[in-house]
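Structure first, commentary second.
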Amino acid sequence: MASAKEISQYLKRFSQLDAKRFAVVKVGGAVLRDDLDALTSSLSFLQEVGLTPIVLHGAGPQLDAELSAAGIEKHTINGLRVTSPEALAIVRKVFQASNLKLVEALQQNGARATSITGGVFEAEYLDRDIYGLVGEVKAVNLAPIEASLQAGSIPVITSLGETPSGQILNVNADFAANELVQELQPYKIIFLTGTGGLLDADGKLIDSINLSTEFDHLMQQPWINGGMRVKIEQIKDLLDRLPLESSVSITRPSDLAKELFTHKGSGTLVRRGERVLRATSWDELDLPRLKSLIESSFGRTLVPDYFDTTTLLRAYVSENYRAAVILTDEGQFGAGRLTYLDKFAVLDDAQGEGLGRAVWNVMREETPQLFWRSRHNNQVNIFYYAESDGCIKQEKWKVFWYGLENFEQIQHCVAHCATRQPTLLG
């Protein structure tokens with residue numbers, strides 16, 4: 001799945017969190033129905049490695065089937081299910097059955113899990129005249145969840161709410177998840193779906209979204225349909241009220257471990273992210289912080305005169321100096337000038353966030369052609385292969401490029417890389 005170092009890095013990061021701040025996992029009813037084995041396997045694995053997720057589930061398809069069997073027509077207003085007293089009795093039964101089905105499956109898989117079908121969401125009627133017995137969450141009681149976590153057991157929660165007087169109300173599972181997340185402020189919010197993530201215009205998985213740099217552009221795309229638009233806006237609203245380090249992952253149950261424990265992931269990772277600063281002079285940057293970023297990223301020391309002897313063309317740096325791209329101008333060749341990628345640095349604790357890609361994407365929008373070199377054992381080479389038009393192997397380096405127009409340009413760039421002096425010691 002990944003290197004032991006990668007897995008260890010993420011496990012250490014997650015293990016340092018307060019138990020209830022690790023992850024909230026939102027499971028749709030379709031996943032419970034169609035992918036229960038993969039779901040229980042993934043959740044059990046997390047418990048085996050010492051992590052306890054908080055699981056909240058829906059039961060939409062199951063509820064549709066039971067209401068239809070009872071002759072109760074489905075009626076929604078503004079996307080919310082109108083709930084009559086007759087329907088509520090079925091809602092309670094279906095939610096409890098779905099909850100117990102997941103808890104029992106986890107227990108049969110060797111995991112410890114606790115059924116929590118009430119007592120978490122205090123609610124009031126959303127609008128009784130319009131929606132019937134539908135609730136709006138007013139408060140979240142963490143006591144049942146904390147008791148489960150302290151016992152080392154996975155809390156499995158339904159989205160049923162209760163009024164202060166004890167009336168059960170049907171609460172939309174997405175709304176309930178949002179309120180739970182606001183109360184817990186978790187590091188990870190995970191939506192498990194059958195599609196395994198958000199898809200672009202070509203049906204290809206979007207692996208990461210950095211909202212600070214990509215949200216406005218994304219919302220302008222014609223292929224962002226109504227449902228996806230609402231989902232992305234909801235995620236942005238959610239993350240805007242959480243700590244900067246919090247993130248949303250959308251993935252399949254079977255890919256949960258890969259999404260959590262590898263840099264590459266397997267799904268769509270959405271973060272509020274950081275703005276990307278653009279500079280054309282070293283004077284515009286905090287050079288001690290930039291030096292620390294580069295040296296930490298490469299595990300080596302910059303030559304002492306790097307900033308004095310390197311003529312900067314453009315630098316792209318995340319606002320907290322956790323990722324950076326440094327470009328230099330290598331002069332005229334043919335009809336245009338050549339741009340060289342001198343450094344691409346990402347801190348260890350930012351790997352897997354999509355922050356490096358976000359900085360790279362901002363750079364690429366303004367840089368139609370580029371060449372660079374990388375050591376043979378550089379783990380980033382997989383990314384470079386995907387981003388380049390070609391690669392030539394030298395004795396010490398791999399030379400990559402994109403946007404170069406002809407063989408003479410490529411030949412010139414390869415020769416330049418062979419003779420360029422290293423700027424990192426050790």
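Note that Cβ sites are derived from N, Cα and C of the backbone, with glycine treated the same way.
The feature substrate binding site is assigned by Swiss-Prot to Ala59, Gly60, Arg81, Asn170, with similarity to another entry given as support. The secondary structure of Asn170 (substrate binding site), as reduced to three states from DSSP, is extended strand. Sequence-distant contacts of Asn170 (substrate binding site), defined by Cβ-Cβ distance under 8 angstroms and a gap of at least six in the same chain, are Arg81, Thr83, Ala87, Leu88, Val91, Leu133, Val134, Gly135, Leu160, Gly161.
The annotation domain 'N-acetyltransferase' is assigned in Swiss-Prot to 274-425 on the grounds of sequence analysis.
The region 'Acetylglutamate kinase' annotation in Swiss-Prot covers 1-252.
Among the features that Swiss-Prot reports, region 'Unknown' is placed at 253-426.
Lys26 (site 'Transition state stabilizer') falls within a strand when secondary structure is assigned with DSSP. The site 'Transition state stabilizer' feature in Swiss-Prot is assigned to Lys26 (among others); the stated evidence is similarity to another entry.
According to DSSP, Lys231 (site 'Transition state stabilizer') is assigned to a helical segment. Annotated site 'Transition state stabilizer' per Swiss-Prot: Lys231 (among others), in sequence order, evidence recorded as similarity to another entry.
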Original post:
Does anything in the same chain, at least 6 positions from Ala59 (substrate binding site), have a Cβ under 8 Å from its Cβ, and if so what?
Top reply: Gly29, Leu32, Val94, Phe95, Ser98, Thr158
**OP:** Could you pull the average pLDDT for the region 'Unknown' (253-426)?
**Re:** 93
Original post:
Hey, which of the recorded positions Lys26, Arg81 is the loneliest by Cβ count within 10 Å?
Top reply: Arg81
Subject >> Residues within 8 Å of the Ala59, Gly60, Arg81, Asn170 Cβ centre (excluding the substrate site residues themselves) >> reply: Gly29, Gly58, Leu63, Val91, Val94, Phe95, Asn172, Ala173
Original post:
How would DSSP class Arg81 (substrate binding site) in three states?
Top reply: strand
Original post:
What number of additional C-beta atoms lies within 10 angstroms of the C-beta atom of Lys231 (site 'Transition state stabilizer')?
Top reply: 18
